[in-house]
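Read through the structure below, which is laid out as structure tokens, and then see the notes.
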Amino acid sequence: MSENAANNIMETKICTDAIVSELQKKKVHLFYCLECEELARNIAAESDHITLQSINWRSFADGFPNLFINNAHDIRGQHVAFLASFSSPAVIFEQISVIYLLPRLFVASFTLVLPFFPTGSFERMEEEGDVATAFTMARIVSNIPISRGGPTSVVIYDIHALQERFYFADQVLPLFETGIPLLTKRLQQLPETEKVIVAFPDDGAWKRFHKLLDHYPTVVCTKVREGDKRIVRLKEGNPAGCHVVIVDDLVQSGGTLIECQKVLAAHGAVKVSAYVTHGVFPKSSWERFTHKKNGLEEAFAYFWITDSCPQTVKAIGNKAPFEVLSLAGSIADALQI
């Protein structure tokens, strides 16, 4: 057999395998909450096997939800998913009402995509009487009814504390994904002249992410108590002469990131950037980081977040130094598992 003939056979096999793989993908009907409409459309744009479906989100005069799932008969025997955003207690009840019903509509399988698990930072009971709402939320999600295909799959990105994966009961199948591949892809697009190293603002962030970023040199910061204050200090590593990227799972007020940036700059970092999967930013605290004359002008070269918190993405727009790295492609892939 000639070399050209062998190459043609190999190319034909590769094409055939690709076609078979594409045909084996399941068709998914994706419902979504109002906040997540843009992300849902981006997910559908990633795959021809994802079809968007709609829900009528209305309220009665007393404020309680008046909901209707369109095409309820058409999704029987189909793979169904729901894209949720538990951005506030006010919207959780209406979404849970839909989430509990969809698996009961005789669907082949049901997947809940909850990019941000909102109560994840409230997982500890430091004294008797503390309420660990992370466990409460996990119990609510764990009680989703099974579908004809079995337990519900729950897709969550970068849950705050690693032990929270054990909060979910056996009635659901949690799939814990991460946004770190989006960061590494973006870092590869930076100029080759920049020496990039990764900084973790505390030991918790190091535990969560260091294995995913072990091909980068690292710096670890820590918080130490001085009187009534908690001061950020450099624990290990040398940021001098480098573009340092602070990595964490979420940001609220941003105080820790700002203090960490000051410490890194004081130790000789040429640039400081930040990445968090979940830009929560309550009370518009993201404004502290925008490039303007407020004492923090361009303190951060880049601030990367994902679109796991749609309200934040909408508020920030394209304001520097923020860049949004979309989870759409990753979610589309997760829906095929």
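Placement of Cβ uses the backbone N, Cα and C atoms for every residue, glycine included.
Residues within less than 8 Å, Cβ to Cβ, of Asp158 (Mg(2+) binding site) and separated from it by at least 6 positions along the same chain comprise Glu177, Thr178, Gly179, Ile180, Arg208, Asp249, Leu250, Thr277, His278. The annotation Mg(2+) binding site is assigned in Swiss-Prot to Asp158, His160 on the grounds of sequence analysis.
Swiss-Prot lists Ser2 with the feature N-acetylserine, giving a large-scale study or a structure entry as the kind of evidence.
With a cut-off of 8 Å between Cβ atoms, the residues of this chain six or more beyond the region 'Binding of phosphoribosylpyrophosphate' (241-256) that come close are 116, 120-121, 158-160, 180, 183, 187, 190, 194-202, 205, 208-209, 213, 217, 219, 223, 232, 264, 268-282, 285-286, 288-289, 301-302, 305. Sequence annotations record features per position, and here Swiss-Prot assigns region 'Binding of phosphoribosylpyrophosphate' to 241-256.
For the region 'Binding of phosphoribosylpyrophosphate' (241-256), the model's pLDDT averages out at 95. Helix, strand and coil counts from DSSP across the region 'Binding of phosphoribosylpyrophosphate' (241-256) read 2 helix, 9 strand, 5 coil. For His160 (Mg(2+) binding site), the number of other Cβ atoms no farther than 10 Å from its own Cβ, over all displayed protein chains, is 22.
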